[in-house]
Amino acid sequence: MLPRWMYSTNHKDIGTMYLIFGAWSGMLGLSMSMLIRMELGQPGTLIGNDQIYNVIVTAHAFIMIFFMVMPIMIGGFGNWLVPIMLGAPDMAFPRMNNMSFWLLPPSLFLLINSSLIESGAGTGWTVYPPLSSNLSHYGPSVDLAIFSLHLAGASSILGAINFITTIVNMRSIGMTMERMPLFVWSVLITAILLLLSLPVLAGAITMLLTDRNFNTSFFDPSGGGDPILYQHLFWFFGHPEVYILILPGFGMISQIICYNTGKKEPFGNLGMIYAMAAIGLLGFIVWAHHMFTVGMDVDTRAYFTSATMIIAVPTGIKIFSWLATLHGSHIKFNTSILWALGFVFLFTVGGLTGIMLANSSIDIVLHDTYYVVAHFHYVLSMGAVFGIMGAIIHWFPMFLGLNLNSMLTKVQFMITFIGVNLTFFPQHFLGLAGMPRRYSDYPDFFTKWNFISSLGSLISLMGVIMLIIIIWTSIIEKKMINFSSFTNSSIEWMLNFPPSEHSFNQNNIILK
């Protein structure tokens with residue numbers, strides 16, 4: 001049994017390991033966010049130390065991004081679905097696929113260790129110098145976090161190479177690029193973004209490592225360096241990264257909406273592909289909107305403001321194409337479409353607050369307040385996570401050959417929906433009132449909305465626990481699929497449930 005999983009080269013086994021690893025990390029990240037919300041639930045201290053609070057915030061961000069969203073979306077669903085949707089026997093480099101996965105547990109181990117050694121890495125996920133320099137953060141904590149990022153980055157780069165090669169070279173006969181399912185397209189564009197942005201992060205954190213340990217001064221003004229250089233390098237990675245987190249979600253939502261409306265492709269399929277490509281391209285030329293407060297001149301700010309707003313155009317194309325796909329069709333209201341509808345609505349809300357923050361003059365006031373926290377949590381906690389939840393419920397019968405209790409999953413959707421909105425909507429008010437991020441305490445003027453926000457986080461926690469219970473009961477009761485009534489909107493629904501160890505034993509020909 002151990003060799004089957006340890007040395008596996010089967011894309012389904014590796015995808016399953018990614019999903020389990022992501023779920024485990026997600027619980028870790030969720031418990032950290034609960035600590036954060038309990039600390040902020042009332043004025044005064046609970047944890048009692050700002051450094052530890054910031055260590056928790058930093059670890060929460062890294063775990064949710066690198067060990068929950070990316071492994072589940074790209075590693076889990078990408079590995080499971082891309083070869084099947086292409087009609088390919090497996091990934092292009094199966095053993096490299098195995099290595100991509102096994103780089104992640106040591107990486108997580110290093111990150112957790114960084115919190116346990118000395119006073120931890122309380123730098124925020126951006127790891128800006130001079131706070132992350134050896135003066136403000138002496139000891140090996142930040143170095144361990146840097147090594148952790150190196151490993152996670154290497155894992156993602158290898159995975160990206162694997163996906164690009166697979167998608168370009170291993171499609172079925174008759175499947176042109178244009179005929180590929182949108183989820184495959186989203187993974188391809190995500191992989192290209194990973195391949196182009198992660199080396200820049202690796203360079204930036206390596207320079208930080210040498211600044212801390214080998215007496216260089218890339219980011220130290222006293223030696224002729226500049227901390228703003230680090231910010232440029234970091235955000236040149238950091239902005240494409242947020243699109244890496246959401247693009248596979250776009251693909252999954254497209255598949256879910258098509259399936260539940262009984263269509264084989266969404267409205268404006270080619271437009272959807274071009275929109276994703278445009279989002280990927282534009283994601284690289286807007287990075288400095290994270291840095292409006294560092295003293296860039298007015299022309300630079302004008303450019304980054306307008307470029308950022310242009311990203312709203314392809315995003316709007318996607319939103320309206322989803323609405324057009326839904327419009328007038330006979331919608332099958334199972335739980336996965338509820339997650340998809342929630343995604344479309346809440347992602348739009350998150351996008352609108354993003355348009356607000358794109359204005360450099362407004363951003364100077366709102367920068368580093370809870371308005372920004374509310375914005376990116378609407379996009380991630382209700383974009384990426386809703387995509388993941390919808391995908392789990394949508395493809396669960398295909399992965400395991402078991403049914404989920406449809407009524408309970410609908411209740412779980414409602415609980416989570418109420419929870420996340422109650423958590424993050426009040427944070428817009430806090431941000432507009434001027435409450436800054438990354439502080440463990442606040443004036444009692446902010447008590448009301450913080451209390452409501454923390455209440456919402458408890459409801460979200462109940463929703464996640466309920467999801468675990470639903471999946472657990474489905475597995476122990478072995479609710480087998482006796483009769484397949486799935487819509488053949490995509491190839492994966494034409495296989496067995498679950499698929500055999502080798503999905504296809506011959507080359508396929510796709511006829512449209």
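Note that Cβ sites are derived from N, Cα and C of the backbone, with glycine treated the same way.
As annotated by Swiss-Prot, transmembrane segment applies to 16-36 (among others).
Mapped onto three states, the DSSP output places GLU39 (Ca(2+) binding site) in helix. The C-beta environment of GLU39 (Ca(2+) binding site), restricted to residues of the same chain at least 6 apart in sequence and closer than 8 Å, consists of THR45, LEU46, ILE47, TYR53, SER440. Annotation comment: Swiss-Prot describes GLU39, GLY44 as Ca(2+) binding site.
Taken from Swiss-Prot, the feature transmembrane segment covers 55-75 (among others), and the record attributes it to sequence analysis.
According to its DSSP assignment, HIS60 (Fe(II)-heme a binding site) is helical. Swiss-Prot lists HIS60, HIS377 with the feature Fe(II)-heme a binding site.
Taken from Swiss-Prot, the feature transmembrane segment applies to 101-121 (among others), supported by sequence analysis.
Sequence-distant contacts of the transmembrane segment (144-164) (same chain, at least 6 residues past either end, Cβ-Cβ under 8 Å): 58, 62, 66-67, 70, 74-75, 78, 82, 91-93, 96-97, 99-101, 103-104, 106-108, 110-111, 113-114, 117, 121, 123, 127, 187-188, 190-192, 194-195, 198-199, 201-202, 205-206, 208-209. Per Swiss-Prot, transmembrane segment is recorded for 144-164 (among others), and the stated evidence type is sequence analysis.
Long-range contacts of the transmembrane segment (182-202) within the same chain, counting only residues at least 6 positions beyond its ends with a Cβ under 8 Å from a Cβ of the stretch, are 74, 77-78, 81-82, 85-86, 149-150, 153, 156-157, 159-161, 163-164, 167, 233-234, 236-238, 240-241, 243-244, 247-252, 254-255, 265-266, 269, 272-273, 276-277, 279-280, 283-284. The feature transmembrane segment is assigned by Swiss-Prot to 182-202 (among others).
Annotated transmembrane segment per Swiss-Prot: 233-253 (among others), in sequence order.
Listed in sequence order, GLN231, TRP235, GLY238, HIS239 are the same-chain residues six or more apart from HIS290 (Cu cation binding site) with CB atoms under 8 A from its CB. A helical conformation is recorded for HIS290 (Cu cation binding site) in the three-state DSSP classification. Residues or ranges marked as Cu cation binding site in Swiss-Prot (evidence: similarity to another entry): HIS239, HIS289, HIS290.
Around TYR243 (O2 binding site), the C-beta neighbours below 8 angstroms that are at least 6 residues distant in the chain are THR190, LEU193, ILE279, GLY280, GLY283. The O2 binding site feature in Swiss-Prot is assigned to TYR243.
Residues or ranges marked as transmembrane segment by Swiss-Prot on the basis of sequence analysis: 267-287 (among others).
Annotated transmembrane segment per Swiss-Prot: 304-324 (among others), in sequence order.
For 337-357 (among others), the entry in Swiss-Prot reads transmembrane segment, with the evidence type sequence analysis. If you look at the transmembrane segment (337-357), the same-chain residues 6 or more away from its ends with a CB under 8 A from one of its CBs are 246, 249, 253, 256-257, 260, 289, 308-309, 312, 315, 319, 322-323, 326, 331, 363, 366, 371-372, 374-379, 382-383, 386-387, 389-390, 393, 410, 413, 417, 420-421, 428.
Annotation source Swiss-Prot lists Mg(2+) binding site at HIS367, ASP368. Non-local neighbourhood of ASP368 (Mg(2+) binding site): THR293, PRO436, ARG437, ARG438, each in the same chain, at least six residues away, with C-beta under 8 Å from its C-beta.
Remark: HIS375 (heme a3 binding site) has GLY350, THR353, GLY354, MET356, LEU357 as non-local neighbours, by Cβ distance under 8 Å and separation of at least 6 in sequence. Per Swiss-Prot, heme a3 binding site is recorded for HIS375.
What Swiss-Prot lists as transmembrane segment is 382-402 (among others), and the listing cites sequence analysis.
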*In the same chain, who gets a Cβ under 8 Å from the transmembrane segment (233-253) while lying at least 6 residues past its ends?*
65, 69-70, 73-74, 77-78, 126-128, 181-187, 189-190, 193-194, 196-198, 200-201, 203-204, 207, 276, 279-280, 283-284, 286-291, 318, 322, 340, 343-344, 347, 376, 379-380, 383-384, 386-388, 390-391, 394
*asked:* Return the count of C-beta atoms lying within 10 angstroms of the C-beta of HIS367 (Mg(2+) binding site), excluding that atom itself.
replied: 19
*Most CB pairs under 8 Å with the transmembrane segment (267-287): which of 55-75, 101-121, 304-324?*
304-324
*Same-chain residue ranges lying at least 6 outside the transmembrane segment (304-324) that approach it to Cβ under 8 Å*: 250, 253-254, 257, 266-268, 271-272, 274-276, 278-279, 282-283, 285-286, 288-289, 292, 296, 340, 344, 347-348, 351, 354-355, 358-360
*Spatial separation of HIS367 (Mg(2+) binding site) from HIS60 (Fe(II)-heme a binding site) - C-alpha basis, Å*: 20
_Cβ-Cβ under 8 Å with the transmembrane segment (101-121): same-chain residues at least 6 beyond its ends_ = 14, 17-18, 21, 25, 51-52, 55-56, 58-59, 62-63, 66-67, 71, 75, 127, 132, 137-145, 147-149, 151-152, 154-155, 158
*Could you give the Cα-Cα distance between GLY44 (Ca(2+) binding site) and HIS377 (Fe(II)-heme a binding site), in whole Å?*
25
*Could you pull out which residues elsewhere in the chain have a CB under 8 Å from any CB of the transmembrane segment (456-476), counting only those six or more residues past its ends?*
26-27, 30, 33-34, 37, 389, 392, 396, 400, 402-405, 408-409, 411-412, 415-416, 418-424, 426
